[in-house]
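A.B. asks: Take this structure first; my questions come after.
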Amino acid sequence: MFNEIPVFDYEDIQLIPNKCIITSRSQADTSVTLGKYQFKLPVIPANMQTIIDETIAEQLAKEGYFYIMHRFDEDSRKPFIKRMHEQGLIASISVGVKAYEYEFVTSLKEDTPEFITIDIAHGHANSVIDMIKHIKTELPETFVIAGNVGTPEAVRELENAGADATKVGIGPGKVCITKVKTGFGTGGWQLAALRWCAKAARKPIIADGGIRTHGDIAKSIRFGASMVMIGSLFAGHIESPGKTVEVNGETFKEYYGSASAYQKGEHKNVEGKKILLPTKGHLSDTLTEMQQDLQSSISYAGGKDLDSLRHVDYVIVKNSIWNGDSI
């Protein structure tokens, strides 16, 4: 059965334009609803230590963007929730599946976050299903995102356990080497995996990994994503938490994967690597450019909002859209 599924990735696809019905791209609405909340863009900076910290999370929330705080500074999570709520902002945190996380979730009853993401590399697991059920029992009002997965069966199981959204993508990210270290994953066919999973989903899908250009956001939405999690495009900003490094007079920011030796502090179960990215200005500028590009995508789709992207035709062009060009 699997061999009947078309296999392609972002660079293999071109969306086909429709007649434009707006007079300016500023008329295109890029907002998206997740749970009870509306956000300015359908993008989420990856919940990684070199992408997001508490300061950036606060900035994003204040400006109407969705965020997910990483889980690698465990003791700061409760104070973070409290601080966000004191400012009237949503709290969106990550948890793992180890035994102590159950007690932590139960302790959140007195100050409940609006969103919890269960964040492990291989999310189609009994440990994730058990954690979903625990969160839904203890914090029934919290919106639960679970992942990461790469098959329709996994999406259905996590949804049936109570997940409100699932995160799709096993190792397609720029600093993820799961596909090389394990032989498994959605690297090289992430967009096809997204399409496959979205057809089975009854709840929102978050595409996670493999996004290299702003046009890939529109393609993700076309193939079933409600939101798109992005790492490398959000790394390397002046505000980014990654360490700043100078090489031959140029400044770079460190960017590493969530299961890398640099994050774990040891060479154990390593599925991520570290790279240096040229420093690229302010995060707010990237968000503005993303919004403008997505508004242009909507205008090409012949609509006024994100839903128009879901209905456009496409062609599979097998690695030829760059035609020798680079960006």
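Just so it is clear, glycine is given a Cβ too, placed from its N, Cα and C backbone atoms.
Okay, so Swiss-Prot annotates it like this:
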ACT_SITE  Cys176  active site, thioimidate intermediate
BINDING   205-228  NADP(+) binding site
A.B. asks: Starting from the Cβ of Phe223 (NADP(+) binding site), draw a 10 Å sphere and report how many other Cβ atoms land inside it.
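C.D. replies: If we count other Cβ atoms within 10 Å of Phe223 (NADP(+) binding site), we arrive at 25.
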A.B. asks: Check the binding-site residues Ile211, Ser226 for other C-beta atoms within 10 angstroms of each C-beta and report the one with the most.
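C.D. replies: Compared across Ile211, Ser226, the most Cβ atoms within 10 Å surround Ile211.
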A.B. asks: Among all chains shown, work out which of the binding-site residues Ile205, Asp208, His214, Ile217 has the most CB atoms within 10 A of its CB.
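C.D. replies: In terms of Cβ crowding, the pick is Asp208.
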A.B. asks: Taking the Cβ of Ser220 (NADP(+) binding site) as reference, which residues of that chain separated by at least 6 in sequence fall under 8 Å from it?
C.D. replies: Leu191, Leu194, Ala207, Ile211, Val228
